[in-house]
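Structure record follows, encoded as structure tokens.
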Amino acid sequence: MRRFAALSEPGPGVSRLAYTRLERQAHDLFASLLADLGIASYTDAAGNTIGELAPDAEPRPGAIGTGSHLDSVPHGGAYDGTVGVVAALAVAAAASAGRPRHRPWRFVAFAAEEGARFGQACNGSRIVAGLTGAADLRQLTDRTGTTMAAAMTECGLAPERVETARWDPRDWRAFVELHIEQGTVLEHRRVPVGVVDTVSGSTRLRVCLTGVASHTGGTPMENRRDALAAAAECVLDCERLAVAAADVNTRITVGALTVEPGAITIIPGRVVFTVDVRETDYGRQRAAAHAVGQRCRTVAARRGVDVEVEELADTPPVVLSREVAAAARAAATALGLPAEVLASGASHDTQQISRLMPAGIVFVPSRGGLSHSPGEFSTADQIAAGAAVLLETMYRLDATA
Ligand SMILES: [Zn+2]
């Protein structure tokens, strides 16, 4: 808990955005906490900080890794990401004086996991997986127009050399991340451990409705082409589509909406809103995104409003390693802790790492399911139980052929 308190400063609300001085300070602290355990670490060109504990028994090739991220969304919580880094430190402390290990164990704090600043999530892990390169970093910008490359340079990193940060899959055996659930499944079922089998994909749409802006007093109700009234119907239709879906993992959200001109005496002429469609099955994900577009067109046609539906991004769901999930379930059983297999609605660094090697995620409960909010909370006992499962999972993966 001492390490958690240090890494979650100043808490409980945390604004430690990607590629800022505050994020780099947290990485420096991670490196010094590893050094306290006698573990040397380095920071790569992308800003990921990686420490390694050498094997102390007959060596086998391929490292076992664990870790998470230290950045947050604006006004986020102290637990998202940080819990996984603290658990990695707890594993490092227990392993350096524990049972024999045949493989190198690596402890990782990924850089820039949150997409809140630059629109792209999991940047550090995408770079090590070869999914994001130097050219991409010059394209991505934050709200103020600063490119990701410029922000990285400002932090002393080397965006032009990020290709040097790529991981070689032959150098690895498996990766497992501990993370807070950011949902309510574990809390409702009173289960201390979640083992993730699938990470939801996400299709992101931007819908633009154009009606006619006019005087609120002078324009009779039957002659209006009100873009906001149309948008309101579309938003409720998105919710209805998700609620009516056969699968509990179908989630459709309108998270941002702008109204123009946005005045009390003017009928809204233009509304732009975003739709985020999350699914654990790619066929259903595409069908749901298609259905959202159809509903918006139907509503717009009925109300005499023009509509444009644009696809901003499309990421398919990721099925994680069955081998790592089985090791995590066996670890929980060995420790007498009930575990539940579940899907992750949020994206995580490990879904990028899973392109390189067998990879898995272990969840601990989140109080009230709250996340990306200062209200994030998991008890010290819940985190300790998760870290114990993580350690045991790593020993089991270490022992594999
Ligand atoms: Zn996270």
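The backbone N, Cα and C atoms fix where each Cβ goes, glycine too.
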- prompt: Out of D80, D168, which does TrEMBL tie to the same Zn(2+) 1 site as H69, H179?
  reply: D80
- prompt: Taking E52, E58, E114, E340 as the options, which does TrEMBL list with D80, H372 at the Zn(2+) 2 site?
  reply: E114
- request: List the Cα distance (Å, whole number) between D80 (Zn(2+) 1 binding site) and H372 (Zn(2+) 2 binding site).
  value: 7
- request: Could you measure between H69 (Zn(2+) 1 binding site) and E114 (Zn(2+) 2 binding site) for me? Cα positions, answer in whole angstrom.
  value: 9
- prompt: Setting D80, E114, H372 aside, what same-chain residues sit with their Cβ within 8 Å of the center of the Cβ atoms that define the Zn(2+) 2 site, listed in sequence order?
  reply: S72, V73, G76, G77, G81, E113, A116, S371
- request: State the count of C-beta atoms found within 10 angstroms of the C-beta of D80 (Zn(2+) 1 binding site), not counting that atom itself.
  value: 27
Message: Please report the Cα separation of E114 (Zn(2+) 2 binding site) and H179 (Zn(2+) 1 binding site) in Å, rounded to an integer.
response: 14
